[in-house]
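All remarks here apply to the structure that follows.
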Amino acid sequence: MDKIEVRGARTHNLKNINLTIPRDKLIVITGLSGSGKSSLAFDTLYAEGQRRYVESLSAYARQFLSLMEKPDVDHIEGLSPAISIEQKSTSHNPRSTVGTITEVYDYLRLLYARVGEPRCPDHKVPLAAQTISQMVDKVLELPEGAKMMLLAPIVKERKGEHVKTLENLAAQGFIRARIDGETCDLTDPPTLELHKKHTIEVVVDRFKVRGDLQQRLAESFETALELSGGIAVIAPMEGDGEEIVFSANFACPHCGYSMQELEPRLFSFNNPAGACGTCDGLGVQQYFDPERVIQDANLSLAQGAIRGWDQKNYYYFQMLTSLAEHYDFDLHAPFNSLSKRIQEVILKGSGRTEIEFKYINDRGDIRLKRHPFEGILNTLERRYRDTESNSVREELVKYISTKPCTSCGGTRLRLEARNVFINDTTLPQIVELSIADALTFFATLKLEGQRAQIAEKVMKEINDRLQFLVNVGLNYLNLSRSAETLSGGEAQRIRLASQIGAGLVGVMYVLDEPSIGLHQRDNERLLKTLTHLRDLGNTVLVVEHDEDAIRCADHVIDIGPGAGVHGGQVVAEGTMAEILANPDSLTGQYLSGAKQIIVPTQRTPRDKNKTVELIGASGNNLKEVNLSVPVGLFSCITGVSGSGKSTLINDTFFKIAHTQLNGATTAQPAPYKSIKGLEHFDKVIDIDQSPIGRTPRSNPATYTGIFTPIRELFSGTQESRSRGYKPGRFSFNVRGGRCEACQGDGVIKVEMHFLPDVYVPCDVCKGKRYNRETLEVHYKGKSIDEVLEMTVEDAHEFFAPVPVIARKLQTLMDVGLSYIRLGQAATTLSGGEAQRVKLARELSKRDTGKTLYILDEPTTGLHFHDIQQLLTVLHRLRDHGNTVVVIEHNLDVIKTADWIIDLGPEGGQGGGEIIAQGTPEDVAQIEGSHTARFLKPMLK
């Protein structure tokens with residue numbers, strides 16, 4: 001069968017659609033945000049493909065796998081087992097790294113266990129057990145006629161006179177020994193000092209190097225090794241020539257350091273055999289940070305330099321008073337004026353020094369006690385360790401920072417694993433390389449003999465996987481990069497690379513916008529990867545808005561014509577030419593140029609006196625970057641993937657502004673030197689793609705604040721007043737008006753062992769969340785449940801006479817969310833939708849004209865038409881005097897910006913510099929900027 005037949009698909013907003021999709025092709029599903037693309041791709045095709053595959057397994061196997069809900073569709077045939085590669089499921093496990101997710105690290109562990117060379121951490125010499133034959137051969141390689149002696153170390157750096165030892169050696173017939181570097185006669189040994197460390201090596205043989213010495217040397221080595229426990233030394237009889245140390249043990253010949261046999265688990269930081277004992281393989285240690293604990297060093301302790309230890313907290317302040325009396329310092333002097341030693345005592349304690357503390361209880365009784373002062377940092381640490389209260393822990397977490405582990409230096413591995421080498425390179429050094437550099441390392445790695453044979457297959461797997469990561473545009477990442485720091489797009493492309501590595505055939509892959517976070521330059525490589533996946537014999541279904549991806553597809557499906565209830569139909573399908581020729585296709589109109597996002601005729605001019613200057617940003621790969629952001633403009637931060645955009649804006653600029661403008665205490669900016677110009681703003685708002693809530697109780701109505709005035713409206717009706725209902729009656733989060741059978745959830749979870757957990761509508765409220773009495777109250781003929789089921793568009797019309805609600809609903813429509821329901825669970829919103837709900841909430845607030853807005857790729861999940869709407873909103877914010885800073889790859893957004901700051905020139909270590917800045921017209925002329933190359937044609 002060469003096609004997938006879909007008949008009568010009605011999942012979510014799909015309107016009974018019929019489709020014939022070619023198999024083993026690259027198919028792009030496009031359309032407006034909310035038109036039903038994901039409903040078709042993920043909730044219908046993927047869900048049914050996955051469900052049928054899992055259903056074919058035994059009942060025992062099914063209990064370990066989650067079974068997808070059966071989609072609302074009459075008939076689908078021609079499906080393959082389905083694999084979905086989404087953006088959502090980035091691991092939050094601190095033990096997951098790029099290396100472990102892609103399995104490259106597993107192959108590296110195997111490689112180091114099989115061909116690695118262990119060395120002594122102190123002497124850097126290889127640990128290798130040598131046979132007597134190897135030792136003899138090594139000696140015979142020395143210049144012919146060289147006068148040498150064979151020594152057996154008996155005493156190594158030990159105190160004592162060692163009279164008995166020397167007598168025993170003489171009794172065994174040995175004539176000479178080397179004591180502390182001097183050769184002497186055992187018939188008349190020197191007297192050794194009792195309290196000094198001595199080294200005694202007995203001379204087993206003296207000889208001139210000749211080819212016929214094999215037998216004699218073998219016997220001498222045997223004697224020496226037996227005497228010393230496996231160590232022998234060859235030293236020149238005259239002069240200070242180089243000595244050769246031999247070991248018959250798997251140990252360092254100098255200090256005896258030995259290691260267990262190399263196994264892959266020794267190199268795993270998730271296994272006790274390989275993890276650093278101090279940080280348990282996490283690579284970082286948590287500690288109470290003095291910089292966070294000291295709230296304001298300009299204040300005195302009495303005024304609250306350290307929160308919780310001021311005059312308001314009587315118990316702790318009593319302790320500080322006694323401490324001040326003992327060390328003679330002033331509690332009313334600014335903390336930063338106290339001597340370093342006093343500050344140290346306050347923070348870290350008095351050590352063993354006992355202090356007399358005066359404690360006064362509520363009745364005024366005085367009690368004197370002598371004990372050392374624990375120190376504020378140690379007190380916080382003890383409280384954090386001992387408490388069982390979550391609220392106390394949450395409060396104390398504010399004062400905790402992380403630093404690289406002092407034992408392993410952040411490598412996560414124990415000492416033994418850190419000292420195994422392949423051609424002078426350790427495993428921690430490999431994983432710190434960028435993927436591109438690691439690929440170069442293995443491509444040029446030369447091993448010899450048996451080691452080359454052993455490593456051949458493993459290195460092929462490593463090279464293939466690294467090449468796949470480069471092909472999806474991730475050449476700038478390190479293998480040691482923690483998975484929780486990856487963006488959604490990066491995580492998705494890593495999973496894509498892993499799938500290519502698996503080399504499956506006959507599978508249906510469903511991808512959700514793989515081009516997110518990818519610069520135009522890297523897009524071509526991604527598309528080649530997708531076509532490669534298709535050419536292996538797979539059906540590749542991609543939900544995508546990127547123009548290049550749509551043009552590259554074998555078959556395009558355009559869902560529309562609008563969003564939500566106005567969508568759910570197949571507007572156009574077929575080849576690229578058929579889409580362009582279809583007058584009903586909004587996508588086709590934008591691709592053909594009939595519709596387009598217009599380049600502004602003039603840019604808002606920059607006021608050179610109103611800028612924010614960030615000096616010396618050096619986090620991650622940034623190279624002492626000086627950032628200048630114009631105030632009151634719409635600025636775009638551009639650059640290839642991994643060039644340092646997120647580090648500069650999210651990790652440095654936003655966190656500094658968040659701390660200084662919003663008073664945040666937990667934001668830890670990346671390293672920088674100074675910042676000036678933040679006085680132009682009254683607050684900073686970061687509108688990111690994190691969920692608006694992590695439970696189904698969170699929804700757009702509660703998040704944007706619309707639900708409160710709606711509840712007040714219901715409580716103001718005649719029926720409510722006569723019953724005495726207050727606004728709280730209409731909340732599904734508190735007792736009173738909600739259905740207690742399901743506690744306001746509307747559904748009840750039923751655990752099924754062989755099947756997925758089933759959520760059934762509550763029997764009592766029938767999924768309406770409220771009890772019968774609450775639902776009897778109507779506003780304009782609608783109950784509270786019916787209002788929550790309305791789309792934003794319907795609600796806007798319904799609440800038009802209520803300005804406070806209508807205004808907030810209008811902002812949701814302005815950002816293209818007319819189709820979402822007011823009570824839609826936050827967990828069902830995509831990252832792009834969550835970001836736009838946040839944007840709508842900010843738009844609905846009273847505007848001061850002095851706000852700094854920071855957005856990271858707001859075009860995620862947006863069609864050309866949606867981008868037009870978003871730009872209208874962002875330009876409106878700018879026109880009110882606010883400053884908008886957007887990290888973006890989308891050229892339609894970049895070309896409408898007032899100012900561009902382009903980072904590069906490459907990703908990873910090849911980036912981290914500002915290579916161009918100015919208006920789009922200025923930047924387009926810059927040589928060496930990848931952004932300029934793609935932007936130039938857009939401005940014509």
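Any Cβ shown, glycine's included, is placed from N, Cα and C.
The shown structure was predicted, so the numbers you read here are calculated from the model rather than taken from an experiment.
Annotation source Swiss-Prot lists ATP binding site at 31-38, 639-646. Cβ contacts within 10 Å of LYS37 (ATP binding site), excluding its own Cβ and spanning all protein chains shown: 26.
Taken together, the residues in the domain 'ABC transporter 1' (309-586) have a mean pLDDT of 92 on the 0 to 100 scale. Among the features that Swiss-Prot reports, domain 'ABC transporter 1' is placed at 309-586.
The domain 'ABC transporter 2' annotation in Swiss-Prot covers 606-936.
Residues or ranges marked as zinc finger in Swiss-Prot: 252-279 (among others).
Taken from Swiss-Prot, the feature zinc finger covers 739-765 (among others).
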Measure the Cβ-based neighbour count of GLY31 (ATP binding site), defined as the other Cβ atoms within 10 Å of its Cβ.
-> 29
Distal contacts, the zinc finger (252-279) - CB-CB under 8 A, six or more residues away = 95, 100, 106, 108-110, 112-114, 116, 118, 120-123, 125, 127, 231, 233, 245-246, 285, 405-408, 411-414, 416-417, 420, 427
Among the binding-site residues listed here, SER35, SER641, which has the most company in the form of other Cβ atoms within 10 Å of its Cβ?
-> SER35
Write out the long-range same-chain contacts of LYS645 (ATP binding site), meaning residues 6 or more apart in sequence whose Cβ is under 8 Å from its Cβ.
-> ILE637, THR638, GLY639, ILE887, LEU903
Here the 10 Å Cβ neighbour count for SER33 (ATP binding site) comes out at 28
If you count the other CB atoms within 10 A of the CB of GLY639 (ATP binding site), including all protein chains displayed, you should get 29
So, in DSSP terms, is GLY31 (ATP binding site) helix, strand, or coil?
-> strand
Sequence-distant neighbours of SER643 (ATP binding site) in its chain (C-beta under 8 A, six or more apart) = TYR476, ASN621, LEU903, GLY904, PRO905, GLU906, GLY907, GLY911, GLY912
Could you check what DSSP calls LYS645 (ATP binding site) once collapsed to helix, strand or coil?
-> helix
So, by DSSP, how many helix, strand and coil residues make up the zinc finger (252-279)?
-> 4 helix, 2 strand, 22 coil
